[in-house]
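Chemist: The structure is given below, and queries will be raised subsequently.
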Amino acid sequence: MGLSVIILAAGQGKRMASSTPKILHPLGGIPLLERVVNTARLLNPHTIQVVYGNGGSHVREKLNYLPVHWIEQSQPLGTGHAVLQAIPFCQNEDRVLILYGDVPLISPKTLNSLLENTPSNGLGVVVAELPDPTGLGRIIRDDFGNILSIVEHKDAAEHQLKIREINTGIMTTTAMNLKKWLPQLNNNNCQKEYYLTDTVALAVAEGCPVGCVAAQCCEEVQGVNDRWELTKLERYYQRLMAKKLSLAGVTIIDPERFDARGENIEIAPDVVIDVNVILEGNVQLDRNVRIGPNVILKNTTVGENTEIHANSVIEAAVIKANCSVGPFARLRPGSVLEEGAKVGNFVEMKKTTLGRGSKANHLTYLGDTIIGKNVNVGAGTITCNYDGANKWQTKIEDGAFIGSNVALVAPLTVGKNATIGAGSTLSQDAPPDQLTVARERQRTIKGWHRPTKKE
């Protein structure tokens, strides 16, 4: 018996008040639907089917990298109708697991428990008990605690509305059972929809075993219906991430002001992360790294004993051990800092390597530049790498000293141990071991007076 996962993702999401389909909104930097697919993949199913509707081709276009089979529900006729679109693609002997594209934090542990505790020919659901179950389907049990049916909120009688045990929507049974039960569904209800939950009563009527497992917490089965629910779930997720990192030896100064947006975030023990730090995509921080307040790191690796000072923005960079960056530095894609390099305040780098022990401390732009070891780049240095049509490279060899307010018009090379005088504009190579100055000689104009204002 193989496992086939069906993810229902056709909801219109009107309460999101957005032109973006609900399932494409991110939680922790990853679209809701992608999070559910990633969880499903951990169960090793032989197929994952996504039933989509609202957003149509836009959803497929944005998430076309996901290893799923896409099935369109052309009319929003309910969850039962949605599963009916996918079930023909399942083999009769398959165990089918039904998930929801807007329930992003369901855990593999809960799903494995559901699969393991549901009889091979039976039906199992994930339930939860909520203090306020408004709007959710209620679990109806007999006097012995056996599940009899699931009643949607809008169809529930007054005494049933007092029940706090709810249906999360997550369900498993065999494909053969679903192929038998789904055609029997009707839409005689307040919403005129075909409810998947009505299969529970059909199973009970047949004598099919119906069981359940309880969710570990309310948040893992929380659906996203509007932006406020998404915001609350986002903060819950970020607290989980902060707790996980803290227990692994990372100091998070304030978990309420920390954001991890991506699945591949690896942080070694003894790292300190100050407030309002955002980690996006693939981020690796080695031991004893210190991240100052208001820092953004995206797809970046930082070596041990390095400090990133406040208000720095770093994307797709490699920063090796014992470096210092910022405050107010910007490292753009392709930036590499070799061991012991230093980038100071208001320095911007792109496609540039700053060699071992080299430093650019103040007010500098370095683009398409290769800088060797132990180079000093003075304040106000600019590499002029763009001629209006093409980018050109600048090379600064080991030991060079670049004075303040220097413009290096690429392509050119500054030789080993060369010194460039302050205020120079270079458009040709500077030879090694020599002083190169390219500026007009200073003059004093005698007898000159400032103009005076006309009365």
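Just so it is clear, glycine is given a Cβ too, placed from its N, Cα and C backbone atoms.
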Chemist: Taking Swiss-Prot at its word that Asn385, Tyr386, Ser404, Ala422, Arg439 bind acetyl-CoA, choose the one of Ala379, Ala430 listed for that site.
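Modeler: Given Asn385, Tyr386, Ser404, Ala422, Arg439 bind acetyl-CoA in Swiss-Prot, the matching entry from Ala379, Ala430 is Ala379.
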Chemist: Where DSSP helix means H, G or I and strand means E or B, what are the helix, strand and coil counts for the region 'Linker' (228-248)?
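Modeler: The composition, in the requested order, is 20 helix, 0 strand, 1 coil.
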Chemist: Considering all pairs of residues in Ala379, Asn385, Tyr386, Ser404, Ala422, Arg439, annotated in the record as contacting acetyl-CoA, what is the maximal C-alpha distance expressed in whole angstrom?
Modeler: 22
Chemist: Which one is it: of the binding-site residues Gly11, Gly78, Arg439, whose Cα lies the shortest distance from the Cα of Asn225 (Mg(2+) binding site)?
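Modeler: Ranked by Cα distance from Asn225 (Mg(2+) binding site), first place goes to Gly11.
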Chemist: Using DSSP with the three-state reduction, classify Asn376 (UDP-N-acetyl-alpha-D-glucosamine binding site) as helix, strand or coil.
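Modeler: Looking at the DSSP assignment, Asn376 (UDP-N-acetyl-alpha-D-glucosamine binding site) belongs to a strand.
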Chemist: Would you mind pulling the DSSP three-state label for Gly11 (UDP-N-acetyl-alpha-D-glucosamine binding site)?
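Modeler: Reduced to three states, the DSSP call for Gly11 (UDP-N-acetyl-alpha-D-glucosamine binding site) is coil.
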Chemist: For the region 'Linker' (228-248), what's the mean pLDDT in this predicted model?
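Modeler: Here the predicted model's pLDDT, averaged over the region 'Linker' (228-248), is 97.
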